[in-house]
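Feature list (source: TrEMBL):
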{"type": "TRANSMEM", "residues": "16-37", "note": "transmembrane segment"}
{"type": "TRANSMEM", "residues": "49-72", "note": "transmembrane segment"}
{"type": "TRANSMEM", "residues": "93-116", "note": "transmembrane segment"}
{"type": "TRANSMEM", "residues": "136-156", "note": "transmembrane segment"}
{"type": "TRANSMEM", "residues": "168-188", "note": "transmembrane segment"}
{"type": "TRANSMEM", "residues": "194-216", "note": "transmembrane segment"}
{"type": "TRANSMEM", "residues": "237-258", "note": "transmembrane segment"}
{"type": "TRANSMEM", "residues": "270-292", "note": "transmembrane segment"}
{"type": "TRANSMEM", "residues": "320-341", "note": "transmembrane segment"}
{"type": "TRANSMEM", "residues": "361-381", "note": "transmembrane segment"}
{"type": "TRANSMEM", "residues": "393-411", "note": "transmembrane segment"}
Amino acid sequence: MSTLNEQLGSEPIRKLLLKFSIPAIAGMLVSSLYNLLDRIFVGRLGALAMTGIGLTLPFMTLLTAFTSLVGIGTSAIVSMRLGQNRKEDAEKVLGNAFSMLTVLMLVVTAIGLIFKEPILTLLGASELTMGYASDYITIILIGSVFQGIGAGLSNVIRAEGHPAKATIVLVIGTVLDMILNPLFIFTFNMGIAGAAWTTVLSATVTTILVIAHFVGKKSVLKLRIVNLKLSLPIVKDILSIGLSPFFMQISAFIVGIISNNALKTYGGDVAIGAMTVVNAVMILFLMSAMGITQGAQPILGFNYGAQQYDRVKKTLKLELALVTAICVLTFLMVQIFPTGLARILSNDLELINAASHGMKIFLLMLPIIGAQIVGASYFQAVGAAKKAMFLGLLRQVITLIPMLIILPNFFGLTGVWAAAPTSDFISCSVAIVFVAREIKRLGKAEQHQAEVIEHRSLS
């Protein structure tokens, strides 16, 4: 652990950010490929199958919300506890997180299985697409506890200073997914159910590897039985930080309901399928940006906990520059090659045309979205949960939902596509102000520390 402290607290920021971000980027790309494979193979089953899987995405977001509620808060607190040299407290947080994820996902699974059809109807499922969506989400729910534990605790591996190990775990799950997907879907003729079983089996293997890490010899933190008993103060700490991404995901679920129904009203089932393609493309490219923010979080959390504000400021500025560069490059790709990107996920001409048209509008504000991504992630990392939550809700609820309701009334399907960039422009403008003020505040804190040190040396 002393070696980890020395690295996070003294190693050059650029070298450190690359060291943590490259494995994180690889892991996020692998993770996006993990999700993308289902859509690539399912897309070969036809437009209705693609729409069916698209209908489950808000449902999947709901599952992710509960994983984020525990996982992101745990990762941030573990980083700060390690920065404060409080290893035993960090292990208590890990044990509580494991118990919380297990209980939460079992409860969510039971409720989801009972109410799946009403929820899918609410999400815009038609008679033609209900069968596809129901088959897929039933199997996903059965294995959701494994997905929750694996995804929720994998970031802790990175937070304790093993970014490469966290990536390897994800790579193994993705490779397994790549092998099993065509076998289950086509060779075994299981269709969309085969895609779901592949996801569950791969997630189960990932979870086993994550648990094996924390009970093994090489981990900094150990998963101990004595720490599985829930502690109310620890639960509150985890939830206080996790509530921001949780409400962001819940708001995304609500947005999914409104968006799917608007797409169905103005463009039919094929429009929902087109949005599935667009979201897949966006996720594939933006995972690199998310990987940088994920790699930066342990650096930010540790140095903020250690009150090394100069290193926090340097990390934040470098992170913002890298994420913005990725977003600009992605924007250029989308505007120049929309049809080619859509063809990766479908061979249905109507779906390709709808997706390529929507993609260019939907991702119009990519060049400025970096501030929002970095801002929300930064405030999570340093424990400023309210600011992180506000930035997330501003984009997903306060501006996006009204745009989804208002714009389609005037512009039809184009209005549905235009709601996101309109919301992005407003929310990113606010995020830029937040980040600029934080950089200024960190500069003042750094200056104050220098003055205190100088005063002590003189006295």
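These residue numbers are counts, starting from 1, taken along the chain as shown.
Quick reminder: no glycine exception, Cβ is built from N, Cα and C everywhere.
All TrEMBL annotations are machine predictions without curation.
Remark: the transmembrane segment (237-258) contacts the transmembrane segment (93-116), by the rule of 3 or more CB pairs under 8 A. Of the Cβ pairs linking the transmembrane segment (49-72) with the transmembrane segment (16-37) and spaced 6 or more residues apart, fewer than 3 are under 8 Å, so the two regions do not touch. Under 8 Å from some Cβ of the transmembrane segment (361-381) lie the Cβ atoms of residues 72, 76, 79, 241, 244-245, 248, 278, 282, 286, 289-290, 293-294, 296-298, 300-301, 304, 316, 319-320, 323-324, 326-328, 330-331, 334, 387-388, 391-392, 395, 414, 417-418, 420-421, 424-425, 427-429, 431-432, 434-435, 438, all in the same chain and six or more residues away from its ends.
Within the same chain, residues 7-8, 158, 163-164, 166-167, 170-171, 173-174, 177-178, 181, 199, 202, 280, 283-284, 287-288, 290-292, 294-296, 298-299, 315, 318-319, 322, 345 sit at least 6 positions outside the transmembrane segment (16-37) and bring their C-beta atoms closer than 8 Å to a C-beta of that stretch.
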